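The next block holds one structure in the form of structure tokens; read it before the comments.
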């Protein structure tokens, strides 16, 4: 990268846009397998109509993700980030491939056996998610805020991509024999390929980018042990090889994980509340409690697509400085106000038509993505590398905790289903 006068820009800026693009793709790979499962829920409802696949698979996924994430967050200072992320992407790849094998081996048969096999793969997704999401967010927290924003935009893009593909495949295969299954196999094949590419990108390309080497070297100079393997993969073997800017300070100690948590308890609560609310509605309520409308079987797919598209778009809004909420109090107020969605969904589902439900779901996605990125990019400011890595893991743990609590609350909609 060169500046306007033709001189070479500082090393810490080289490869910035390449790194942003890779972070986006790695974010896509972190959630595309699970997003595919959500998008093909109509296929699993066809195979297992009495097992509530959308709700059951979600609640299977979350305990594995939460317990694994809690363990990794507790030991984050000792966990090799490179191995952690590569294990995560490898598990995503293998579990997605196994879903294809289970479907082929059982010839798309229903029954409890195949359902248990699918649930097992989903449990592996949860373990993989904890490895990748916590590892990547911790790693990117001591780099540039744009990297975290791009990673979370990639997470949202997985939902938008799978929703768009689901609408296309439904239209293409709707009238063909076994069309629903064909669309599902296409989904899972694409997801498997994306996970394989993520393994290659993270293992080979990402650690060699100059800007990534710069920030990891800086974190190492501040006492981080988690970046050692990634630096070695980039050809930086020893402390003497580390080159950082002159203003970098060697920090022999860091705040404890508990101290970091206490200083950021409001941010932790923010993320917990964002996802408690969102997952208490999406996707279970969307599939089972929205009633019958003119769109027929397309209705839940359209709702999920609108949520995912607006969730993706909203994650770019904080890049506009004047539209980004950086006040801790302002973020909390905005997040608490989202709980108005609960009565709004109840009365919309009971009395309103499909247009109002589509609008409401779009706003749910818009606020979810926007507030997530605001919290994730504001929270790490003011800490050194090892502390930012720890904070990133804590925030992801709270996010997953909110998802788990939201999924559990989602079953309340099922209990009240008869009222709609």
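Cβ from N, Cα, C; glycine included.
Annotations in TrEMBL come from automatic prediction, not curation.
Going by TrEMBL, these are the annotated features:
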{"type": "TRANSMEM", "residues": "21-44", "note": "transmembrane segment"}
{"type": "TRANSMEM", "residues": "56-74", "note": "transmembrane segment"}
{"type": "TRANSMEM", "residues": "86-106", "note": "transmembrane segment"}
{"type": "TRANSMEM", "residues": "112-130", "note": "transmembrane segment"}
{"type": "TRANSMEM", "residues": "151-173", "note": "transmembrane segment"}
{"type": "TRANSMEM", "residues": "185-206", "note": "transmembrane segment"}
{"type": "TRANSMEM", "residues": "267-286", "note": "transmembrane segment"}
{"type": "TRANSMEM", "residues": "298-318", "note": "transmembrane segment"}
{"type": "TRANSMEM", "residues": "330-348", "note": "transmembrane segment"}
{"type": "TRANSMEM", "residues": "354-378", "note": "transmembrane segment"}
{"type": "TRANSMEM", "residues": "390-414", "note": "transmembrane segment"}
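Proximity of the transmembrane segment (330-348) to the transmembrane segment (298-318) is not established, fewer than 3 Cβ-Cβ distances being under 8 Å for residue pairs spaced 6 or more apart. The stretches the transmembrane segment (56-74) and the transmembrane segment (112-130) are in mutual contact, each linked to the other by at least three Cβ pairs under 8 Å (pairs 6 or more apart in sequence). A contact between the transmembrane segment (267-286) and the transmembrane segment (112-130) is absent, since fewer than 3 of their C-beta pairs, 6 or more residues apart, lie under 8 Å. Highest Cβ contact count with the transmembrane segment (151-173) among the listed stretches 21-44, 86-106, 112-130, 354-378 falls to 21-44 (criterion: pairs under 8 Å). Ranking 112-130, 185-206, 298-318 by CB pairs under 8 A with the transmembrane segment (21-44) puts 185-206 at the top. Between the transmembrane segment (112-130) and the transmembrane segment (86-106), three or more CB pairs separated by 6 or more residues in sequence fall under 8 Å, so the two stretches touch. Sequence-distant contacts of the transmembrane segment (298-318), counting only residues of its own chain at least 6 positions beyond either end whose CB sits under 8 Å from a CB of the stretch, comprise 35, 38-39, 41-42, 149, 152-153, 156-157, 159-160, 162-164, 166-167, 170, 282-283, 286-287, 290, 292, 324, 354, 357-358, 361-370, 372-374, 377.
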